[in-house]
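Record features (Swiss-Prot):
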type    : residues             : note
BINDING : Asp11, Glu13, Asp154 : Mn(2+) 1 binding site
BINDING : Asp90, His93         : Mn(2+) 2 binding site
Amino acid sequence: MAGSREVVAMDCEMVGMGPRRESGLARCSLVNVHGAVLYDKFIQPEGEITDYRTRVSGVTPQHMVGATPFAVARLEILQLLKGKLVVGHDLKHDFQALKEDMNRYTIYDTSTDMLLWREAKLDHCRRVSLRVLCERLLHKSIQNSLLGHSSVEDAKATMELYQISQRIRARRGLPRLAVSD
């Protein structure tokens, strides 16, 4: 993964679709390496929303009024991801919601970075939440709003964790994941 490429962090929020409440994309946020928002839109998923999952997703019926259609949003998002290192937490769910093959992208996933886990003194865990990593390494609390998660907040947090991982790698003489401005 070494080399020079632009880095973008992504986080998506999903709602339940149909009788089985399968995940459908309802919001996507992208930020650059400096935390500036590149993309943040509510997205009208294909099909009937049967569970807004507001407590977690932060998405309400009002957000769907005038929301960008899934097909349009998907093209916009994939264009922004093209050729970049994509940073996120448990990205497989985001790419599934985008109906996109994650293997077509170069990714950095905070949920699988053992260097971060060790730095946070969590190397005994099987799975680490973004909230716990942020508490331990960024010394800040996220995902604690009664209104649900913010995909912008989560994307910014994963970008900060990526930068911590880069510093750990540099300190230990390990190859960096990507070099960006």
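From the backbone N, Cα and C atoms, a Cβ is placed for every residue, glycine too.
Set side by side, the binding-site residues Asp11, Asp154 differ in how many other CB atoms lie within 10 angstroms of their CB, and the most is found at Asp11. Asp90 (Mn(2+) 2 binding site) falls within neither a helix nor a strand when secondary structure is assigned with DSSP, and so counts as coil. Other Cβ atoms within 10 Å of the Cβ of Asp90 (Mn(2+) 2 binding site), summed over all protein chains shown, number 16. Here the Cβ of Glu13 (Mn(2+) 1 binding site) has 27 other Cβ atoms within 10 Å, regardless of which shown protein chain they belong to. With a 10 A radius on its CB, His93 (Mn(2+) 2 binding site) counts 16 other CB atoms from all the protein chains. Across the structure, Glu13 (Mn(2+) 1 binding site) and His93 (Mn(2+) 2 binding site) are spaced 10 Å apart at their Cα atoms. Asp90 (Mn(2+) 2 binding site) sits 9 Å from Asp11 (Mn(2+) 1 binding site), taking the C-alpha atoms as the reference points.
A gap of 10 Å separates the Cα atoms of Asp11 (Mn(2+) 1 binding site) and His93 (Mn(2+) 2 binding site).
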